[in-house]
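Enquirer: The structure under discussion is supplied below as structure tokens; questions concerning it will follow.
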Amino acid sequence: MEASVGQAGKTKFQIDLRRYLREDGEDEGLIHLICEIAEASKYIVNSIRTGDLGVAGTSNLYGEEQLALDVLSDRILRKRLAKSGVVSNIVSEETNDIVFVAPHRTGNYSVSYDPLDGSSLVDVNLAVGTIVSIYKGSDLMQPGNKQAAALYILYGPRTTLVYTTGNGVHEFGMNQLMEYTLLRRNIRMESKASIYAPGGLRSLYTDGTDKFVRQLETNGVKLRYSGGLVPDINQMLMKGKGIFFYPHLQNAPQGKLRLLFELNPMAFLMEQAGGAASNGHQRILDLVPQQFDERSPFFCGCREDVELAETLIREEKQIR
């Protein structure tokens, strides 16, 4: 499933994030950008531990009330990206507008991100995370298969950073000095799931998705769900044998999750680990976004289970 480096958190030789990226032959600009995001996460995790859990009094572009931690995390990450010297454009799930940093400068990257996914879980002390998608150049409206890198940072009992640049999926952990060191390299998914994490109200599932859940249960696949996208996807990757899905619903045919901010980066990570990600009809990474707030159904995990979901949803459409 994976190649670990000693025991997690007990590596014989501590390999830090920047060194690992350099040894992997990554572009210096991309290395700098990923490391800047890692630096920003140190301030975000400190804000989670000590910050204001009250409501900020504003709404994001989806009409969702913003928590103070959402606003603070967005500000931390945005400032770090804008001053990195390697970013052309920025768009956050929490704002209405794209931020043009240096759109005409060549060799730069553009970044879409969710600064604190699952922030409503903080006050009950559940894990939350930051999700980041990176593209070359200034165009953010590209299919996910054009991503230069994707990563998430999970703020749980431990703080971990999981990334891909198209050369496998690797996990780093924040140590006592708040530096990221290698825990696992080349994380791999198995072909079939033993756990599943569903989103949305099951009574609103369409027939195909409901059949899919019943088939999982018949196969002995166990329910393991935290209510947060980042910890649930992380569980699937680290266990290597699971599936997460937030499907189309009877009252929400496009589901809930956002293509640019959540689905593309998670799909890139999952595929790089040998899994699959689909909207029930086609590969997530082939979808061309038409707007920043575009949503899509999402089935992400072990390849055979994603294919089963596609088959049952296809049959549902044929019956109609």
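Glycine residues also receive a Cβ, built from the backbone N, Cα and C atoms like all the rest.
Below are the features I grabbed from Swiss-Prot:
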| type | residues | note |
| --- | --- | --- |
| BINDING | Glu93, Asp114, Leu116 | Mg(2+) 1 binding site |
| BINDING | Asp114, Asp117, Glu262 | Mg(2+) 2 binding site |
| BINDING | Asp117, Gly118, Ser119, Ser120, Tyr225, Lys256 | substrate binding site |
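Where in this structure would I find these features, and how exposed are they?
Expert: Within the same chain, the residues at least 6 positions away from Asp114 (Mg(2+) 1 binding site) whose Cβ sits under 8 Å from its Cβ are Ser92, Glu93, Glu94, Thr130, Ile131, Arg258, Phe261, Glu262, listed in sequence order.
DSSP classifies Glu262 (Mg(2+) 2 binding site) as helix under the three-state reduction.
Long-range Cβ proximity for Lys256 (substrate binding site), meaning a same-chain Cβ under 8 A and a gap of 6 or more residues, is found for Gly199, Gly200, Tyr246, Arg295. According to DSSP, Lys256 (substrate binding site) is assigned to coil rather than to any helix or strand.
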Enquirer: Name the residue among the binding-site residues Ser119, Ser120 whose Cβ has the smallest number of other Cβ atoms within 10 Å.
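Expert: Ser120, out of the binding-site residues Ser119, Ser120, has the fewest neighbouring Cβ atoms within 10 Å.
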Enquirer: Taking each of the binding-site residues Glu93, Asp117, Glu262 in turn and counting other Cβ atoms within 10 Å of its Cβ, which one has the fewest?
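Expert: Output over binding-site residues Glu93, Asp117, Glu262: least Cβ neighbours within 10 Å is Glu93.
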Enquirer: In three-state terms from DSSP, label Ser119 (substrate binding site) for me.
Expert: helix
Enquirer: Return the residues near Tyr225 (substrate binding site), defined as same-chain residues 6+ apart in sequence whose C-beta is under 8 angstroms from its C-beta, sorted by sequence, else 'none'.
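Expert: The answer is Tyr196, Ala197, Pro198, Asp232.
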Enquirer: Within 10 Å of each Cβ, count the other Cβ atoms, then let me know which of the binding-site residues Leu116, Gly118 comes out lowest.
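Expert: Checked Leu116, Gly118; of these binding-site residues, fewest Cβ neighbours within 10 Å: Gly118.
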Enquirer: Please state how far apart, in Å and to a whole number, the two most distant Cα atoms are among Asp117, Gly118, Ser119, Ser120, Tyr225, Lys256, the recorded substrate-binding residues.
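Expert: Farthest-apart Cα atoms in Asp117, Gly118, Ser119, Ser120, Tyr225, Lys256 are separated by 17 Å.
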